[in-house]
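In what follows, a single structure is set out as structure tokens and then discussed.
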Amino acid sequence: MGTQSQPVVVTDLESVNVVSPSQPDSDVHHAAMAVAGGPTSSAATRARPSRPSSSTEVPRRHEAVSSKEFRLFKRHKSWLVPGFVVANIVMFVVTIYVNNCPRNYGSGYCVGGFLGRFSFQPMKENPLLGPSSLTLEKMGALQVDKVVKRHQAWRLISCIWLHAGVFHVLANMLSLIFIGIRLEQEFGFLRIGFLYIIAGFGGSLLSALFIQQGISVGASGALFGLLGAMLSELIVNWTIYENKLIALLTLIFIIVINLAVGILPHVDNFAHIGGFLSGFLLGFVFLIRPQFGWVNQKNAPPGYIATRVKPKHKTYQYVLWVLSLILLTVGYTIGLIMLLRGVNLNDKCSWCHYLSCIPTSKWSCKAQEVYCESSQIGNQLNLTCVSTGKSNMYTLAYENPYQLQQLCSQLCS
């Protein structure tokens, strides 16, 4: 009988900062725009239109236009993103409860033993203060063998609600609050909710096509989807932004820095890349805004005569919408077919593994998988580490897979 200690591939995301440019856009109808509504999550501010002017005399009863400030677009209440944060935290607590470190490993091995069954795995096994890889696998972590051979495709979604440890879940949830709440306020729960889930699925899909060993958990694919959507939203709504070039360069810098973190070992950068690409395309589909000219005409006072009726959206917006929808549909379809057929994209791209980890003298990118051979007579268990050849005899009251994994890890270390 052999046991395997599978490494947890962690997805993570650093916090981001945004700027709020303030120069008016030249496309504003007849007047400079004053900032209204605060910055969106795409690192730029929107402006509000001033009272439209016309050389045609307006009747006196229409001259007085309310000076009360109004928003160009409806501002939504954010409740879904906070709900996602609560759901992730609850899932982590449930995972720790199921893990039950004292029962499966003995209280002497667990971190935070005073927490009882909510204590964490030994730091040597999980330095992020979390459960074992076996527990994460049981709770729905992404494992390619189970997706392909046991047809458990639901793991592509379930894994984005799981986290490897306290530090992991805190980093991701702080990022989700920072990015997601502002986006939900601007675009509403429906669009941001679909974007988050679909982008997370895209991150899991690309990860499964490249990382065939171990397990992967984390919401970072979905979070990078929100970052990608911020970038495409800035592009597709280009004409309604101020200081657009500075905002674009700032956002690109933030994205590059976060992706660069993914080259560290045990970070699933393919989930980051897949989530970002999915979110970038989804932003063209879900986050299109009407152009300023159309909004000005819609909010013009009674009696205002428009010299030229403007369409709600520009032609390039429609083109990007169609192309993105086609690319998403084709990409997801092909990716799912390849995954369910057991295709490993590393066989078709010899250098792509460097996108997730670059080996240096300080660390190795090879998965540190542990294998042990075992034989048992009564309650006497003999374990032999395959990689080192070390062997030892243990006395067990009963066979426990969690305890076997711990013993194997200790023997091979």
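Note that Cβ sites are derived from N, Cα and C of the backbone, with glycine treated the same way.
Please treat TrEMBL annotations as automatic predictions, because they have not gone through curation.
Feature annotations, reproduced from TrEMBL:
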type     : residues : note
REGION   : 18-62    : region 'Disordered'
COMPBIAS : 39-56    : compositional bias 'Low complexity'
TRANSMEM : 79-98    : transmembrane segment
DOMAIN   : 151-287  : domain 'Peptidase S54 rhomboid'
TRANSMEM : 160-181  : transmembrane segment
TRANSMEM : 193-211  : transmembrane segment
TRANSMEM : 217-238  : transmembrane segment
TRANSMEM : 245-264  : transmembrane segment
TRANSMEM : 270-288  : transmembrane segment
TRANSMEM : 318-340  : transmembrane segment
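Note on the domain 'Peptidase S54 rhomboid' (151-287): DSSP counts are 107 helix, 5 strand, 25 coil. Below 8 angstroms of C-beta separation, residues 144, 147-148, 151, 153, 201-202, 205-206, 208-209, 232, 235-236, 278, 281-282, 284-285, 288 of the same chain, each at least six residues beyond the ends of the transmembrane segment (318-340), sit close to that stretch. Simply put, out of 160-181, 217-238, 270-288, 217-238 has the most Cβ pairs sitting under 8 Å from the transmembrane segment (245-264). Counting same-chain residues at least six beyond the ends of the transmembrane segment (160-181), those with a Cβ under 8 angstroms from any Cβ of the stretch are 8, 10-16, 41, 78, 81-82, 84-85, 87-89, 91-92, 95, 120, 126-131, 136, 139-141, 192, 196-197, 200-201, 203-204, 217-223, 226-227, 230. Away from its own ends, the transmembrane segment (193-211) comes close to residues 9, 11, 80, 84, 142, 144, 147, 155-157, 159-160, 180, 219-222, 224-226, 228-229, 268, 270-279, 282-283, 286-287, 331-332, 335-336, 338-339, 343-346, 352-353, 356 of its chain (Cβ-Cβ under 8 Å, at least six residues beyond either end). On the 0 to 100 pLDDT scale, the domain 'Peptidase S54 rhomboid' (151-287) averages 91 in this prediction.
Beyond its flanks by at least six residues, the transmembrane segment (270-288) meets 11, 13, 187, 191-192, 194-195, 198-207, 209-211, 216, 218, 220-233, 235-237, 255, 258-259, 262, 313, 317, 320-321, 323-325, 327-328, 355-356 of its own chain at Cβ-Cβ distances under 8 Å. Counting residues 6+ beyond its ends, the transmembrane segment (217-238) has Cβ neighbours under 8 Å at 8-13, 16, 40-44, 88, 136, 141-142, 159-164, 168, 172-173, 175-176, 179-180, 183, 192, 195-200, 202-204, 207, 244, 247-248, 251-252, 254-255, 258-259, 268, 271-284, 286-289, 316-317, 320-321, 324 in the same chain.
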